[in-house]
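Quick notes on the structure that follows.
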């Protein structure tokens, strides 16, 4: 009886507060909100401190919900708003508030772009397409404004990532490896892809003190035929010292190198050191003597830079070189386009011409052009040509093109570890100016801001929509990565380059978003991930060597789950619905005591251990509702097989291995150890001999195997007879299984003709 009376008192107290809008609290330092005589303590991230609270505040998420009344909480990391309804649920049911609910809010200080106080109303315009309004009782709005001003305009070294300790315990226990990226490890992976790479390429540490280029990493790949003293002359001829460095190595020997524009000037004069570098670059590819120079800019923009002493290459000075302009606009055009889209999404007007207006913002057109450029580069690489990519300074459009091309070419970068490696190498290590482009400390010029990285992530999302089973990670990873980009909860995206991060001891003092991803990896798995992906009625026996994307406008969509996540009620994608249905059916099968055979391919792949690292994942788990980054991580993370030598999960946690009749290809690595697939056969036929044969319906044998994560032993090994339908390239053949059981591409070196 007493409990019922207490509950009624709580309810009526909250109801009275809702009617009157009054509160007995002030904005003095508090660690909890005292609402209706009941203490409510929000869950905070380790290192986050509650500084002040105000009751009776009205919150409105513009364009999304009706106003809600509740508690405004200011911490050293963010603004929290918890509605009265959530507090009632917490008090009576023990249910924690969900900050993704429309009536609640979690807003990191560094996400705030602009804010103003008008009378007692605080309005926040945010970098992530949010506009939030808070109506304060009495004089409390002025005090809240002053408290927020201190954090919203903080310097980078005062951002929350320097105080965040949420990953300290798993780091101490060896469950994660802090800032795991290694340039040397990535170079070894390149050499594993193409065994002759060390003959032509080397790693140099000539930039160990950042004296050659302050925005480049300490180590990078260069042609082995050139000495460091030669490279210094090349750096002098490239804008900001950003000389051509190795970006990607394909198994056919073709490479992508990236740099900044040359200092060609109005006359486009010849620079001996740059020409020598181009010759060395071409000599690194023994299969092709051509050099494709891909300038990301419109030609008119590149020509304008010649007046400032820069510009583009005169191909007459470079032997067997071609130059192509890819027509990607500059940062200012891209900023205006996204701002127009933001205004359109936030509009409350009923607009019958919404899609037309989206088209008029040009956002989708820009995405199309970027994807088109990446596709062209990928095609050049597949044809065996070496590609040199640059824009003006080589840290915006160049990063977009190089990373997307690699994503299309290499299935490793479609795994979680591979994608993280890609972002680290092409964006973080190579000096994309995150601070200037995002405005992390609000001191950089607004004219330098631009959604370059957002466009890249949008392009990745577009590719995942065309190939939903080709990626180990789900949309959740992309959404949370953008949230981490703006929130500064982690140090990963802070500062403009590695030198600045080192000068400010970022890696030593802040947690990494990548470690958060690995520690909570179950949240980011794509339940539909299936490297031997089904396309139409055909079973493709492995992701092809390239994802043949469509960049037609009819296939480019607005990413509503990002651009409109704070505007419209939460959307659920078709992929998410399918994942939920998969989990529901698995639950039914488990209750009935039946083994789920239908997804054994995927489970075997995700529970396999690569020989050197790469595409393996972990045990299947239901994908929870997105929003982990905006909530506390104080709860224990589910068991998940860790990476990089950490203790593996016990075999009892692993799903059953796939049947030996499953047909996997080695397109994710095979004998190179980058993933699970077909094992190399012991045939005496060499790749060169096989490459000389074409056509015919020859019979062949394929050996394939799976390696168990917990034992590193081959658990399934089988041989299958197939029919070689065509030998369309030197490295890849198209084969069919007997009995109409499927067809697909396999590496020719994995096939032994009978």
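Each residue, glycine too, has its Cβ placed from N, Cα and C.
Just so you know, TrEMBL annotations are computer predictions that nobody has curated.
Listed features, source TrEMBL:
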SIGNAL    1-21  signal peptide
DOMAIN    177-563  domain 'Myotubularin phosphatase'
BINDING   330, 331, 391, 392, 393, 394, 395, 396, 397  substrate binding site
ACT_SITE  391  active site, phosphocysteine intermediate
COMPBIAS  599-610  compositional bias 'Polar residues'
REGION    599-694  region 'Disordered'
COMPBIAS  620-638  compositional bias 'Low complexity'
COMPBIAS  646-660  compositional bias 'Low complexity'
COMPBIAS  680-689  compositional bias 'Polar residues'
DOMAIN    695-754  domain 'SH3'
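The substrate site is defined by 330, 331, 391, 392, 393, 394, 395, 396, 397, and by the 8 Å test on Cβ atoms against their centroid, the other residues of the chain that qualify are 296, 297, 398, 452. Binding-site extent for substrate: residues 330, 331, 391, 392, 393, 394, 395, 396, 397, maximum pairwise Cα distance 12 Å (rounded to the nearest whole number). The DSSP secondary structure for residue 397 (substrate binding site) is helix.
Contacts of residue 397 (substrate binding site) defined by a Cβ separation under 8 A and a same-chain sequence distance of 6+ are given as 296, 297, 326, 328, 370, 391, 452, in order along the sequence. Every protein chain considered, the tally of other Cβ atoms within 10 Å of the Cβ of residue 391 (substrate binding site) stands at 28. Neighbour list (residue 330 (substrate binding site), Cβ cut-off 8 Å, at least 6 residues apart, same chain): 297, 301, 392.
Cβ neighbour count for residue 395 (substrate binding site) (all protein chains, 10 Å cutoff from its Cβ): 26.
Less than 8 angstroms from the CB of residue 393 (substrate binding site) sit 239, 240, 242, 260, 261, each of them six or more residues away in the same chain.
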